[in-house]
Amino acid sequence: MNQYIDFNSTIYPFPPKPAFLSKDEKKHYREKIKRLLKQQDAVMVAHYYTDPEIQALAEETGGCVADSLEMARFGNNHPASTLLVAGVRFMGETAKILNPEKRVLMPTLEAECSLDLGCPEKEFTQFCDDHPDRTVVVYANTSAAVKARADWVVTSSIAVELIDYLDSQGKKIIWAPDRHLGNYVRKQTGADILCWQGACIVHDEFKTQALIRVKGLHPDAAVLVHPESPQAVIDLADAVGSTSQLIKSAQSLPHQKLIVATDKGIFYKMQQACPEKQLFAAPTAGEGASCRSCAHCPWMAMNGLQAIVQGLEQGGGQHEILVEKELREKALVPLNRMLDFAAQLK
């Protein structure tokens, strides 16, 4: 029996948007961030879903813009003593688990993730205990405590390959927390997967009929879909994949127009990869319904320039990620399994 958190009835309060900044104010904060990064031996690690100006700043200062797997690798390999993680809290936790000797700062510790929020440790632990014969695989979008309960951690970029491997070993799987990604992986591999019923507030909003209408306006466009989207949306795709995989698909597909069903923060790097192509955001509303996320994670949007300055200036307290030693050691086991497995795929 599936453990079911009724996501559709769970309305997470969205955080306030960062204050509007003038062009001169943005320039002031960018220059200040550059100075602070140098002074503190810090490097920026930013996710594809952060705002374009944050991604550009990470690139300009020698940092990294990537998906959660590459963010983890970069932070693990970079010599800087401080990591400034521009993303959501589980990404900061992962960085700290992999780099306990480093100081890990975030613009705000209030940058949540609906997948993380929708998979509480207590309920998930009980779910796993109820199915002791299953191998527990959790998505990177989970808390350190949930990772500590898992056998494996996985990102969307290697999800199909990992589950295919475990299935070949005769393993039955508990998958958490994203039900859409879990169902997609089950369909791709045929594995015996029991899904936790979470969802991403951004990808869960993509609508089939609205996407069909946009495709009708651009019949020569390819449709790119992240597998956290509903299956009916995935069924319309010309390419399905993680953020990094979608960027590669944007480059390799012959189409000059691309309709993209993932967080629109990805457009910054995708347009860099194929500047000659037109990108269109897949609709997140339809049939008279308005969108809540409107194809951009509200928590990713909290990573503004002012917040980054505050994080670097204030350091601890509201900005530093701390993970208890025992919890870190438990969560490190499935994370290292993921990194070792991913390394074998290269």
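Don't overthink the numbers, they just go from 1 along the chain as shown.
Using the three backbone atoms N, Cα and C, a Cβ is placed for every residue, glycine included.
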Swiss-Prot iminosuccinate site partner of HIS47, TYR139, ALA140, ASN141, SER156, HIS226, PRO227, GLU228, THR243, selected from SER22, SER68, SER114, SER168: SER68
Record-annotated [4Fe-4S] cluster site (Swiss-Prot): member among CYS195, CYS200 besides CYS113, CYS297: CYS200
CYS113 ([4Fe-4S] cluster binding site): nearby binding-site residues from HIS47, ASN141, HIS226, GLU228, Cα cut-off 10 Å: ASN141
8 Å Cβ shell about CYS113, CYS200, CYS297 centroid, [4Fe-4S] cluster site members excluded: TYR49, VAL88, SER114, LEU115, ASN141, ILE201, VAL202, ASP263, TRP299, MET300
ASN141 (iminosuccinate binding site) CB neighbourhood, other CB atoms within 10 A: 28
Extent of the iminosuccinate binding site in Å [max Cα distance among HIS47, SER68, TYR139, ALA140, ASN141, SER156, HIS226, PRO227, GLU228, THR243]: 17
